[in-house]
Ligand code: ATP
């Protein structure tokens, strides 16, 4: 891939103070991309369209048929041979179209699931596809990111990397910046490698090598692609296919032998047997299943869900519990600080976003007059990695200041609250310098920075109030640091609860003077802190979630909220969204810690909210629910969520906020991080499965009908009702287009009012297998009925044409019946699947031309039908129709959720 040698930079270059921290320019990056190629490892060979086409003929039975055709051509039956060949080619074209489309959709999916990374170009941070990373790009990485190329670290905060993929060693490796004054390059400690994962901390690094030149490239091909494994259904269908092939071959052989015994010519019976085998074997089934899955995946994409693993499409229909994160998935993740508690006062913060100020009824709350409030806002602004940019936007012909937040929404809200209080980051940076950071993660639930202010070092900490209070010994009140009493603690916790009841997420702020030169070891600095105050922020529920929760409940799916937030906040939001109802309970992470697995399994049935949990708890929750027999969907975004996501039946990660590690562990990615999209995907999943059942029902009942027609005829010593090319024609006009169109069928309207399908349910369950058998048998009886009836009033040619027409008609009508297992065709509307209408019309037209176009009629050995003949055909083909509708209307049990 890399034909050219890249000019290697001297290592010193990366340590140089002049290293351009604005990164490359876009033009330079583009130039390098074109010159050195994409940052990818060499991939596997793609299958070409021609190979797909050739594959269609590799089937053993098709080869036998072609051989038999050649034989018949040699015997002088040139027209017959030609027609059979054309039919085989038409079949192959249909198969090719299906498979080619599948390949294309899967290819498109791979692109969608392609990883991205953050780089600085032209001084601006942006997200680009990993493929486009070039040498000397400055990349920004944080916990959960997969490292896109080999790079030298130029800035790091508590960086730990999992290099097991390269070294096999699973212990995290501590890494440091190569630019720490006086330390210099320390070899591997300053280098990060493509494919390894940041599991803690943050860093900036300059890319040294890309693509095949990376360490990973050298040890060759680990390629992370979408998983195209066969789905469980496909595997089961493969097995079924084998049984069907064997069964059909036996019956076809029996038909051939019986015919020969009866005195038919060997050649004729052999051709009949092989044609019947071609018709009977549902060779299109695997392709149609894959096409349906692939089309479904495209549809899910439109509804904001990217499927990474094809089997997930199937499993989605079985999901009966969705464990979802709260922040960003159920809520908008647009935080606004509403309340502040400092210096023993509650302060209201007005307005959404940047607009609005502190309410000013009380003069003392002006930050300039209250050193405690000022300190709180300063900690908020400094112990913060968010950034805000001001830009002018036009609103009704007026230019107004709009604020754009970059970074974590919780931090952005805190920063904005500080700015509202007049604490501006650019002023702060003049007298407070950040030295080190101990990053936030969901396990610690807090974050600290070490700063220097007026020659003294401080640690500024913010985090969950219960966590922060545990490490505070003092409180800052009336401009004095005084010991924190249990009375103070209770008051603070009461205020915290009060904020929580109003659905506010609450953070506490604290600080401490520390000796200079203290290392950023969390245990040694985050202790004996001075408590300063609380901020409570609002994160409104997403509007569409109300409906989605309702839909879930109607569909027999239980939504469960899992959050790092406090129990009270979680409960307020869960009640508002109707997730927490009567009889449901809430469990906290701390309570879970005191439970063994058995106890958790017992309680998880009725628990719909888990609060203050860490990713470890999530894993236990999934396991407990699975033990209870649930099919669990679980969302996650952080690096530590990966085990729970992997364990879940459907692991879901967040496209916007999710880390690479979470995405790679998941089987589905939500592009909008929205709970409603999970429900939409489940709906699609149910629909796809239903559609697969529809055409399995269709294909198998038709094939059974065709085989039994012939079998019964030879058993009862009748002349064969269909000649070989008629059989092939029936197969082409019914198996081809109508079956494909069924895969595109819109769902039953009540699809989300049905109970979820059982995870181990067979595709023939709920009476489908029996129904297929009965209908196949009925088709044969009706065809034979029409045949025998017409033999009594006309010659063999006419009777065969009538049998041929009856079978085609029954099958085309049956395609419409297969659209729903629970509803009559009149209920769902004859024209509601326009593709099927067109497919059946095209098939009907092809079939009719074999009767009315003289040239074709000669080849297909048909005769022109009279009005009476048509009446016979309509009568016999409607028997099956009447039976089917009576069965649907009276016998089928409902599976609706009570
Ligand atoms: P959810 O699980 O509902 O999606 P979440 O993932 O945002 O929520 P966490 O990120 O684990 O939950 O946050 C848990 C708690 O940690 C929050 O309630 C808050 O008190 C605290 N917290 C959140 N973000 C920060 C941050 N950037 N710095 C310090 N503390 C934070």
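One-based numbering along the chain as shown.
Placement of Cβ uses the backbone N, Cα and C atoms for every residue, glycine included.
These numbers come from a predicted model, not from an experiment.
As recorded in TrEMBL, the features of this protein are as follows:
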DOMAIN    11-77  domain 'Cation-transporting P-type ATPase N-terminal'
TRANSMEM  81-97  transmembrane segment
TRANSMEM  243-261  transmembrane segment
TRANSMEM  267-295  transmembrane segment
TRANSMEM  695-716  transmembrane segment
TRANSMEM  722-742  transmembrane segment
TRANSMEM  763-789  transmembrane segment
TRANSMEM  801-818  transmembrane segment
TRANSMEM  830-852  transmembrane segment
TRANSMEM  872-892  transmembrane segment
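Contact counts against the transmembrane segment (722-742), taken as Cβ pairs under 8 Å, peak for 830-852 among the stretches 81-97, 243-261, 695-716, 830-852. Between the transmembrane segment (801-818) and the stretches 81-97, 243-261, 763-789, 830-852, the greatest number of Cβ pairs separated by less than 8 Å involves 763-789. Beyond its flanks by at least six residues, the transmembrane segment (763-789) meets 233, 236-237, 692-693, 696-697, 700-706, 708-709, 711-713, 718, 721, 799-800, 802-803, 806-807, 810-811, 814, 821, 872-873, 875-877, 879-880, 883-884, 887, 892, 895 of its own chain at Cβ-Cβ distances under 8 Å. Mean per-residue pLDDT, taken over the domain 'Cation-transporting P-type ATPase N-terminal' (11-77), amounts to 73.
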